[in-house]
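J.: Just passing along the structure, written as structure tokens.
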Amino acid sequence: MTRTGQKDPVAREEVSVGRPSWLRNPPRHVAIIMDGNGRWARKRHMPRIVGHRAGATAVRTIVTATRSWDIPYLTLYAFSWENWSRPRQEVDALMGLLEEYIDREIRTMMEREIRFFVVGDRARLPSPVRSKIAWAERETKDNGRMVLTLALSYSGREEIVRAVQRLAEDVRKERLAPDQISETVFSQYLETSILPPPDLLIRTSGEVRISNFLLWQLAYTEMYFTPTLWPDFGEDDFRQAIEDFQERRRRFGKADEDIEGLPG
């Protein structure tokens, strides 16, 4: 079960067979802020869209590694709410890349049992993109080995506001009493309710901030920041981040002596 009480889309017994030996205690859910496409292109005196295309190639590499390592959840920050302020030409190119990605990867998602899922304000997306997303979600909804989530037109604050609005409406209609509201209940109103909270957040490009991403969900997430630009972030970089995670002792607010496996 997820923390919201819903059925876990990826059963735990499905994901441990065939993992590499170096994966001793891997994260179950990895979230990535894919940053640095524009700087990657600028360093090469190329248009930004070239960097975004190179970034799409990196997405395929990391999705492949995630599935091969039997990590069941991968969430990618693909397009933020704030990204709508970018030049129209760049936004249109990014929307086109998204459609291309879905068309190119849908067969692989079906073959490798990857479920495709999107969170964010879909109303702002172009109609053809919304239709393509809905189609991919329908086609892959029964896949049970991995969930690939793209955060598109996404804002962590807006997600929380929309959840509060839905919750308030249920209280108004007496479907829910105020004293029934808890963290678990509130989480059910978030778009990410089918996902467990991320265990590991990776941000590329050297920036050290979370940029309005999964604000509720990152409460106890381990964070890993790398100067590598996203188009250059490959399987070896990903492995290094996961190995770093495996060396950490997650406290969840507890003292060291209260954590199993740590000396008193």
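Backbone N, Cα and C define each Cβ position, glycine as well.
Look at TrEMBL and you will find D35 tagged as active site. If you look up TrEMBL, you'll see N83 marked as active site, proton acceptor. The Mg(2+) binding site annotation in TrEMBL covers D35, E222. Annotation source TrEMBL lists substrate binding site at 36-40, R48, H52, 80-82, W84, R86, R203, 209-211. TrEMBL lists 1-16 with the feature compositional bias 'Basic and acidic residues'. The feature region 'Disordered' is assigned by TrEMBL to 1-21.
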J.: Determine, to the nearest whole angstrom, how far the Cα atom of R203 (substrate binding site) is from the Cα atom of the residue listed as 'active site'.
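T.: Between the alpha carbons of R203 (substrate binding site) and the residue listed as 'active site' there are 7 Å.
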J.: Can you name the residues of this chain that are 6 or more positions from the residue listed as 'active site, proton acceptor' yet have a C-beta less than 8 Å from its C-beta?
T.: V91, L94, S153
J.: Rounded to a whole angstrom, what is the C-alpha distance between G36 (substrate binding site) and E222 (Mg(2+) binding site)?
T.: 21
J.: Please report the number of other Cβ atoms within 10 Å of the Cβ of I210 (substrate binding site).
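T.: Its Cβ has 17 other Cβ atoms within 10 Å.
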J.: Could you round the CA separation between D35 (active site) and H52 (substrate binding site) to a whole angstrom and send it over?
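T.: Here the two Cα atoms are 10 Å apart.
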J.: Look at the binding-site residues W40, W84 and tell me which residue has the greatest number of other C-beta atoms within 10 angstroms of its C-beta.
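T.: Counting every other Cβ within 10 Å of each candidate, the maximum falls on W40.
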J.: So what sits near E222 (Mg(2+) binding site) in its own chain, CB-to-CB under 8 Å and at least six residues off in sequence?
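T.: Same-chain residues close to E222 (Mg(2+) binding site) (Cβ under 8 Å, separated by 6 or more) are P27, D199, L200, L201, F245, R248, R250.
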